């Protein structure tokens, strides 16, 4: 893995007591909190994973948690809209692995909003995207803002990958590309009911080396004015990740894409789900994935920079390397392949 500048992103080993930089809620009365979780799950006809995520956010106040659940469109949609059935995998079929079991194993994932909606130099930019993907050679690739026009360079990656599109033929869509050694069992697409921007949640279920893997790619609602829709979508995604993990003990899960999130919009994260950039050490050199100070493909944003693109993961890896790709300007058109940098994370067990 190589960085695009002279500063090599840090590689940080994750100790057992190291959690996300956002912090961990400590529970003083475990029995009392467990009782609240059971009561919440019984009243709402949900589960204790959902109960824990809401109760943690409101300081374990059961009444406030119930008010949040029944008063929020996000949770009503999660409860009422049967957007997806449960996983076909039986609970307990997958043995729970440790870092010691995986010693020497490495898996890489790249996520990139390739800005297909911008028609300027699109054919050239898509060729550059394909060239960079081949150079970095990730095992898994999440793409957002894919369009039918000038798609040929992406389609040609099928010589290296199995390609799954969310809703090809739509104005724009997402794609998941997996290496040929990845055995795909199922591909699902969930259309967000509250989206006015054709946004979806794309899920590929399969295995690699006998290990159960779930790949979850999304492009959440854009722009500050659509904060409520975006937060509801993110909450749904995290609930779905928690459900997958609960139904498939010992699985590997990777969730990411262009989340368009501001830090203050992040709701609770399920236990055991980590942010790859945080796991790699929170290096400020790799923080900003949409950086209009360094990337001038988009004008008029006065140097705004955001960490819109993120990867979350679940599994027994104990080392994460995180880098940004696509930061070289294309000589022929003097622009970058996209207004977003690609994020690339390599997970390993040492």
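Cβ coordinates are placed from backbone N, Cα and C, and glycine is handled just like the others.
Listed in Swiss-Prot:
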type: REGION; residues: 113-117; note: region 'Interaction with 5' end of substrate DNA'
type: BINDING; residues: 115, 145; note: Mg(2+) binding site
type: SITE; residues: 172; note: site 'Interaction with 5' end of substrate DNA'
type: REGION; residues: 219-224; note: region 'Interaction with 5' end of substrate DNA'
type: ACT_SITE; residues: 258; note: active site, proton donor/acceptor
type: SITE; residues: 290; note: site 'Interaction with 5' end of substrate DNA'
type: SITE; residues: 308; note: site 'Interaction with 5' end of substrate DNA'
type: SITE; residues: 340; note: site 'Interaction with 5' end of substrate DNA'
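Positions of the features from Swiss-Prot, shown on the structure.
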{"residue": "115", "record": "Mg(2+) binding site", "contacts (Cβ under 8 Å, 6+ apart)": "125, 145, 297, 338, 339, 340"}
{"residue": "172", "record": "site 'Interaction with 5' end of substrate DNA'", "contacts (Cβ under 8 Å, 6+ apart)": "116, 117, 145, 146, 147, 198"}
{"residue": "258", "record": "active site, proton donor/acceptor", "contacts (Cβ under 8 Å, 6+ apart)": "111, 113, 144, 145, 218, 219, 220, 308, 309, 340"}
{"residue": "290", "record": "site 'Interaction with 5' end of substrate DNA'", "contacts (Cβ under 8 Å, 6+ apart)": "304, 305, 306, 307, 308, 309, 339, 340, 341"}
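A coil conformation is recorded for residue 340 (site 'Interaction with 5' end of substrate DNA') in the three-state DSSP classification, outside any helix or strand. With DSSP states grouped into helix (H, G, I), strand (E, B) and coil, the region 'Interaction with 5' end of substrate DNA' (113-117) comes out at 0 helix, 1 strand, 4 coil.
Across the region 'Interaction with 5' end of substrate DNA' (219-224), the DSSP tally of helix, strand and coil residues reads 1 helix, 1 strand, 4 coil.
For the recorded positions 145, 340, the largest tally of other C-beta atoms within 10 A is found at 340. Confidence over the region 'Interaction with 5' end of substrate DNA' (219-224), given as mean pLDDT on the 0 to 100 scale, stands at 94.
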